Amino acid sequence: MINIRKTHPLMKIVNNAFIDLPAPSNISSWWNFGSLLGICLILQILTGLFLAMHYTSDTMTAFSSVTHICRDVNYGWIIRYMHANGASMFFICLFMHVGRGLYYGSYTFLETWNIGVILLFTVMATAFVGYVLPWGQMSFWGATVITNLLSAIPYIGTNLVEWIWGGFSVDKATLTRFFAFHFILPFIIAALAMVHLLFLHETGSNNPTGIPSDADKIPFHPYYTIKDILGILLLILFLMLLVLFAPDLLGDPDNYTPANPLNTPPHIKPEWYFLFAYAILRSIPNKLGGVLALVSSILILILMPLLHTSKQRSMMFRPFSQCLFWVLVADLLTLTWIGGQPVEYPFIIIGQLASILYFFIILVLMPITSTIENNLLKW
């Protein structure tokens, strides 16, 4: 008798995606982050659902409802902190996943890569609107500052901002619609992730060497299911260490002060995972220029397949490109640090230099280095 998992219409889809999927035999732990992102998304949707049962999206009661969740709801505190720190784990996995794609040349799967970039934008949008919901000082002023950037768009900017606000300032209408967006976007992310997987399974996974692995494939289960379970256990370990021992480590103390439109916090800054982009935004003294640089810092990922001049796919056998890649990582860490610093000397100039270096490495140095490596190998 043929196995039901291979014949049943629904189970067949699951089987082809997670059980009998032919996978390269040599993929490393860097390939774990896809499944970890899936777990993060499921965790965020579940904890978010339980939070939404007790949250009220009204300017008068939003802050109190979050306090009520932490104090009065059974295990509300752990659900709230799992959701807040779960977002941080989500972004750590995202950055690792994108970094893996850049290092091993996975961006040559064009459809998979482009949907991945759209996913990155969608997750960033979700995290931004979510940060506004507790209605603390940083929530309010973060929403005001970031939405205000749209006013830099010529001609339609001001109308666009007022349309998003639902009035002439960030107020009740803004909070209500941000809650609606924050509820719907994760489901859009889940749908996009399925399309992402669909396109990936059309080509099969890349591997560290960047060489086609059709000649050496192994079934996904049990080899990579076991490997993924180990990754998931480690992810949950790190998440729970954060939640139970240092729940506010990555948050901002200003967000424990209720939103007050009459009092601006001394340093307005987003959550840590947006600091690199925020530093690039601040490093340009012109409003429209800053907004363009901010968007370009992520959109530049779409250009990666066009900027690939090497005759090898992966960086595994390209030491000069490897050095450049790690300089880029160091530069992004520098930008993250600068984004959290006040706008004064020497942070301004460091931020400007790091921003220039970021674009210079990706647009100029990486393609040139790849060409030099080709010539050294007499290709």
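Glycine residues also receive a Cβ, built from the backbone N, Cα and C atoms like all the rest.
If you check Swiss-Prot, you get these features:
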type     : residues      : note
BINDING  : HIS83, HIS182 : heme b b562 binding site
BINDING  : HIS97, HIS196 : heme b b566 binding site
BINDING  : HIS201        : ubiquinone binding site
TRANSMEM : 33-53         : transmembrane segment
TRANSMEM : 77-98         : transmembrane segment
TRANSMEM : 113-133       : transmembrane segment
TRANSMEM : 178-198       : transmembrane segment
TRANSMEM : 226-246       : transmembrane segment
TRANSMEM : 288-308       : transmembrane segment
TRANSMEM : 320-340       : transmembrane segment
TRANSMEM : 347-367       : transmembrane segment
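Features recorded in Swiss-Prot, as mapped to the structure shown.
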| residue | record | DSSP (3 states) |
| --- | --- | --- |
| HIS83 | heme b b562 binding site | helix |
| HIS97 | heme b b566 binding site | helix |
| HIS182 | heme b b562 binding site | helix |
| HIS196 | heme b b566 binding site | helix |
| HIS201 | ubiquinone binding site | helix |
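Most Cβ pairs under 8 Å with the transmembrane segment (347-367) belong to 288-308, among the candidate stretches 113-133, 226-246, 288-308. Cβ contacts within 10 Å of HIS97 (heme b b566 binding site), excluding its own Cβ and spanning all protein chains shown: 20. HIS201 (ubiquinone binding site) is 17 Å away from HIS97 (heme b b566 binding site) when you measure Cα to Cα. For the binding-site residues given as HIS182, HIS201, the lowest number of other CB atoms within 10 Å of the residue's CB is seen at HIS201. Among residues of the same chain six or more beyond the transmembrane segment (320-340), those with a C-beta under 8 A of the stretch's C-beta atoms are 99, 102-103, 269-270, 272, 274-280, 282, 310, 347, 350-351, 354-355, 357-358, 361-362, 365-366, 369-370, 372-373. Counting only same-chain residues six or more apart in sequence, the Cβ atoms lying under 8 angstroms from the Cβ of HIS83 (heme b b562 binding site) belong to GLN44, THR47, GLY48, LEU51. Listed in sequence order, the residues of the same chain lying 6 or more apart from HIS196 (heme b b566 binding site) and placing their CB within less than 8 Å of its CB are THR112, ILE115, GLY116, LEU119. Taking the Cα atom of each, the residue listed as 'ubiquinone binding site' and HIS182 (heme b b562 binding site) are about 29 angstrom apart.
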